[in-house]
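Q: Look at TrEMBL and you will find 41-67, 88-111, 123-144, 151-170, 190-209, 221-251, 271-296, 316-335, 347-367 tagged as transmembrane segment.
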Amino acid sequence: MAIVTTDTAQQLRAAARVAATYVGTVVGAGFASGQEVLQFFALYGMGAVWGILLAGALLGLFGYLILQVGNEARARSHRDVLDALGSPGLATALDGLITLFLFGGLAAMAAGAGAVAREQLGLPAALGSTLLVAGAAGTVLFGIEGVVRAISAVVPFLVGAVLLVCLGSLGSRPLLLSWAAPGRAFFPVWPLAALAYASYNLVLSLSILGPLGRVSPSRSLLPGAAMGALVLGVAAAAIHLTLFTLGPGLLEETEVPMLAAARRLAPALGTVYALVLLAEVYTTAVGNLFGVVARLRSPGRTRERGHRAEPRPPKASGRGWTLATLGTALIAWAVAQLGFSTLVRNLYSVMGIAGTVLLVTLIRRLLGRNGRAAS
């Protein structure tokens, strides 16, 4: 009995590690600020909570498939997962898209830091973006071995802060359902928005979920993906409800609605939420910047006489690494000046459309596996 109990505890810890890393990879400035939920769900009205449930189910299922492929392919990067899923041409195309999306996510994080600096601290938005990009670049230049641990550590604080703001808002404010405006949304109906939301998050998570599957016990992948999707769904639903306690005027005035809700409850809570939000922005920016630079500096897999050679991990030092890091960070800072809500509304929606290709590829693999099992 003791052996079973110990084994079960180890499985739970491994699954919790997978779940925390999954959640920490998905959430960032867009999620924690409330902008993602606003643009993809809340604009359609309270009924779009079904879209949140659909997106959560898709994230759980396809997140597990990516983890499983990463485990089977012994993936060291998102390119290894793509090679295992489809043809070299498709893998190359998706590889380029994912690298581009990681850069777009980095720019969105920098814009989010600027929005927080302006709305919470009264500082210029450009200064907030500069500090975030400089901090992320400095971390990447000197190594980010502990980034997964840092991401996982922030997750409980984020979820706790979101639930606290939600409960406080629901307890002190009525739900205002009249401001929903589906005509302002990027997609015509919420099912498409839910599909796009899950798609782009899976695309941005691929560079971490694949290698995470390689280093995690196979039995921890399914419960880890399920727990991660559940936490994401609950947090998204809490943000969804909180947004409907804000009036349309306040939503128009702020780029960080969850921060506005926290400050309305108590200035101290607003400060705490701002710190949690900045921590999420920072860890996401570090992961995205490292993913872009590592891909730019890595030749990937090579073919020699019909055989694939193992990829060589990029050396995180030297002139080339420094130039790639600083150059990528500088360009991301410039793109961030477009504004946070503009990036979330347009860039992330386009990413969702392109990310659907990844879902179709995963479905084909799943159907192919089931077909082989049946035969």
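We count from 1, first residue shown onward.
Any Cβ shown, glycine's included, is placed from N, Cα and C.
Worth saying up front: this structure is predicted, and the values here are computed from it rather than measured.
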Q: So which of 41-67, 151-170, 316-335 is most in touch with the transmembrane segment (88-111), counting Cβ pairs under 8 Å?
A: 316-335
Q: Take the C-beta pairs under 8 A between the transmembrane segment (316-335) and each of 41-67, 123-144, 190-209, 221-251, 271-296. Which stretch has the highest count?
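A: Most contacts with the transmembrane segment (316-335): 123-144.
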Q: At a C-beta cut-off of under 8 Å, are there same-chain residues at least 6 beyond the transmembrane segment (41-67) that contact it? List them, or none.
A: 18, 22, 26, 81, 175, 177, 180-182, 184-185, 189-191, 193-195, 197-198, 201-202, 205-206, 209-210, 212-213, 216, 221-222, 224-226, 228-230, 232-233, 236-237, 240, 243-244, 359, 362, 365-366
Q: Can the transmembrane segment (221-251) be said to touch the transmembrane segment (123-144) if we require at least 3 CB pairs below 8 Å and skip pairs under 6 apart in sequence?
A: no
Q: Give me the stretch from 123-144, 151-170, 190-209 with the greatest number of Cβ pairs under 8 Å to the transmembrane segment (271-296).
A: 123-144
Q: In terms of Cβ proximity under 8 Å, which residues at least six beyond the ends of the transmembrane segment (123-144) contact it?
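A: Same-chain residues near the transmembrane segment (123-144) but 6 or more away: 106, 109-111, 113-117, 278, 281-282, 285-287, 289-290, 293, 316, 321-322, 325-326, 329-330, 332-333, 336-337.
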